[in-house]
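Q: Checked Swiss-Prot, it gives:
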type	residues	note
BINDING	72, 113, 114, 115, 145, 146, 173, 284, 367	thiamine diphosphate binding site
BINDING	144, 173	Mg(2+) binding site
């Protein structure tokens, strides 16, 4: 079937099971071929082909509402709703988004990117439906990994209490990105092996109704048998106790079983949870056999061999530099522990996990818990290293404020994927952390200019015992600089001059330092002398350095790959104002006040005007012509 000719999912209504099976093969082949060129979340989507087709066949989107939790598994949904022809632009600038996007299609009713939000949003839609007295189905699709998130559990509790009509699809592939962890994961494991609970329960109820009423004792005994059945079949029956009708487990690749169960769910009042067992990566052997999450999301790859197409790496990944330095220090200090919320592979903590399994803690998709747990460990003299992506640290903000900073606890937060991350787009750009951390009392915030300084700042963080400290580091690789053998502590709140200059100064840090250096060198050739400062401590700033610089009364430009509002540049402006430098000319470059879409980092930087050319032009406008050297 030519998938690019699909306009909407209505064509599925008249297709037979054998035709649907052929369509499944076509979609898997299409995904494997297309994603080999663009990269993307291949394994999650290969696992939900039949489930997605079944949902679109039995329900009527967009009247019926599908909410894809996390959203990385929505590619099949996009194909069935008329977007196959755009897959060549997947996750590229102004191309097809890798997650549901409301402006992209009327079938995308809820935007996602972070996990565990679908149930709360679905509850909101269902309550709105009931208030408006309409009849559409609301169907959140959530994975077993996302179900461990606290927000999802809060929603389950509320939905079950209110008995709201809703069909929750639990897509259980036993993984989130890496293998799942936790007690709920173990509950699901027991459910997988327990058989079809709801069918057996219905049969028993039918039999019990046939028992003649020969006395209260028999009736009471029969009722107890019925009430106790779930405990005989499944230990806990977690979802039934929460107020859901539990259906399953059902084979998520068997159309007959899917249709039977979903039709049953459509007729059932109140909240229903359909437990669907799927195989992540199904239909492509390299992805299907992956047990650690390598094929969860990938770049381009060779279909035949399963080898990834990667540019030759000339420098280590930032995540590896940080995690390996932490590991090196952990060998000499038993108090150091590593904590991750379900990202051991992305944060490059596999080596730490292998060497110190008892000191490496993966809490699952539970950022709030991870953060406060780290705080608790710090109260007992441990040295917790919390490795967390910038975008996911947003989810634990209150815990950082209330539990870590307020108590001034020695927690080292490794803020991975800081700055623009590219193809994953606006839900994943790490551009807000400076603004939401800089104003917190007791917080120290750093970002290195290169991987060598990065390892020294990790050492600095582990030696620091006066409160919380955080290190920002980018996605991707470092610069390939020489790495010192001996680690050293860098004095807190100190900056360094990278290039001397007399007519203007650029204050920056991290990934924008090469941009600033190149701009300064070009300006030098044009007769403009510009100082470049490595402001590696975003907080506390180097106040002595700032006093000296502001006293020279030369233009100052701050550059940051982070949002301008409340950012580093704002801090410099505040310092100048509060210290009486009222004639100081301080201008800022950074991320404007909007969400930044998906695309390559280079393209996105061009789009927002954060380039070497833009820096050169800005400095020229800041310096009067009469001050420029001939």
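Cβ coordinates come from backbone N, Cα and C, glycine included.
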Q: Between residue 173 (thiamine diphosphate binding site) and residue 144 (Mg(2+) binding site), what is the CA-CA distance rounded to a whole number of Å?
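A: Computed Cα spacing between residue 173 (thiamine diphosphate binding site) and residue 144 (Mg(2+) binding site) is 7 Å.
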Q: Looking at Cβ-Cβ distances, which residues of the chain lie under 8 angstroms from residue 367 (thiamine diphosphate binding site) while being 6 or more apart from it?
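A: For residue 367 (thiamine diphosphate binding site), the qualifying residues are 341, 388, 392, 393, 395, 396, 399.
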Q: Mind giving me a neighbour count for residue 144 (Mg(2+) binding site)? Other Cβ atoms within 10 Å of its Cβ, every protein chain shown.
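A: Counting Cβ neighbours of residue 144 (Mg(2+) binding site) within 10 Å gives 24.
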Q: Please list residues from the chain of residue 114 (thiamine diphosphate binding site) whose Cβ is under 8 angstroms from its Cβ, counting only those at least six apart in sequence.
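A: Non-local contacts for residue 114 (thiamine diphosphate binding site): 70, 391, 392, 395, 427.
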Q: Among the binding-site residues listed here, 72, 145, 173, which has the most company in the form of other Cβ atoms within 10 Å of its Cβ?
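A: Neighbour-count leader: 145.
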Q: Please state whether DSSP places residue 367 (thiamine diphosphate binding site) in a helix, a strand or coil.
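A: In the DSSP reduction, residue 367 (thiamine diphosphate binding site) maps to helix.
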Q: Do me a favour and check the Cα-Cα span between residue 72 (thiamine diphosphate binding site) and residue 144 (Mg(2+) binding site); whole Å is fine.
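A: Residue 72 (thiamine diphosphate binding site) and residue 144 (Mg(2+) binding site) have their Cα atoms 14 Å apart.
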